[in-house]
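Working notes, beginning with the structure itself.
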């Protein structure tokens, strides 16, 4: 019993004994400064509202150590810290809105998804989307593109509108899957402005982006106006200026295939014309 009490007393005394903390002194020093990584960006500049202003390339230098990884990060840094007159479109910074579509190092893409080439010996060249009127600097005039999109009536159309807004228009899983690879288009116009046929016939040829959206509604099982949509593409230009160059598919920043969608419309058009001929 005495041994137990002695053991408990030792434990209690150990609990109340002040702790001894070893303090180690170390000399601190600032982290060594990172070597500057200066990257040159040549950016298309032009303000048509300024009398005498002519298109030119303007060079900016950025330390990549103080900039985000994407080309859009560099553009925002230039505008915020170097030249507030630089004009470009941007919004989501996540490849969702399509606002920052431009031509970077010769290819149409989204600035928010395009990584800066860290090779500082190479200059990054940035232009607006090709073969479109320029509003200012990197901002193209999208008016014609949006007018063409509006012309295909990109929305669900029903012949019987008596139940409109009263019930859901259901479709099978299989029918819904047919829309995959079509509805994801963000209308950035990268594909259309990479298409030589669209360059020369933009006033008549609808272009890859708009035609892919037309196809999206043609094959929607809930839509009742497929034949009407096909009938509007019978002229020699709206659809048939596509020569399967496939620049559209190669350049799409969302990985979609407008070229395939156009080919499917052409196949549907054959059946439609045959049916139309029989009816006549």
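Every residue, even glycine, has its Cβ placed from backbone N, Cα and C.
From a predicted model like this one, the values you see are computed outputs, not experimental measurements.
Annotated features, as they stand in Swiss-Prot:
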type	residues	note
BINDING	92, 97, 100, 112	[2Fe-2S] cluster binding site
BINDING	185, 188, 191, 252	[4Fe-4S] cluster binding site
BINDING	195, 242, 248	[3Fe-4S] cluster binding site
BINDING	200	ubiquinone binding site
DOMAIN	39-129	domain '2Fe-2S ferredoxin-type'
DOMAIN	175-205	domain '4Fe-4S ferredoxin-type'
TRANSIT	1-25	transit peptide
Spatially closest candidate among 97, 112, 195, 242, 248, the listed binding-site residues, to residue 188 ([4Fe-4S] cluster binding site) (Cα to Cα): 97
Among 112, 200, 248, which are recorded as binding-site residues, the nearest neighbour of residue 191 ([4Fe-4S] cluster binding site) by Cα: 248
Minimum Cα separation from residue 185 ([4Fe-4S] cluster binding site), reported as the residue among binding-site residues 92, 97, 112, 200 that achieves it: 97
Residues near residue 100 ([2Fe-2S] cluster binding site) in space but at least six apart in sequence (CB under 8 A): 72, 88, 89, 90, 91, 93, 110, 111, 112
Integer mean pLDDT for the domain '2Fe-2S ferredoxin-type' (39-129): 97
Residues within 8 Å of the 185, 188, 191, 252 Cβ centre (excluding the [4Fe-4S] cluster site residues themselves): 98, 186, 187, 189, 190, 192, 208, 209, 212, 248, 251, 253, 254, 256, 258
Same chain, 6+ residues apart, C-beta under 8 Å of the C-beta of residue 92 ([2Fe-2S] cluster binding site), given in sequence order: 99, 112
Close in space, distant in sequence - the residue listed as 'ubiquinone binding site', Cβ under 8 Å, 6 or more apart: none
Around the Cβ of residue 97 ([2Fe-2S] cluster binding site), the count of other Cβ atoms that are within 10 Å: 17
Sparsest-packed among the binding-site residues, when each Cβ's other Cβ atoms within 10 Å are tallied, from 112, 185, 188, 242: 185
Listed in sequence order, residues not in 195, 242, 248 with Cβ within 8 Å of the centre of the [3Fe-4S] cluster site Cβ atoms: 191, 192, 194, 197, 198, 207, 208, 211, 243, 244, 245, 246, 247, 258, 259, 262
Number of other Cβ atoms within 10 Å of the Cβ of residue 195 ([3Fe-4S] cluster binding site) across all protein chains: 27
Rounded to the nearest Å - Cα separation of residue 242 ([3Fe-4S] cluster binding site) and residue 252 ([4Fe-4S] cluster binding site): 16
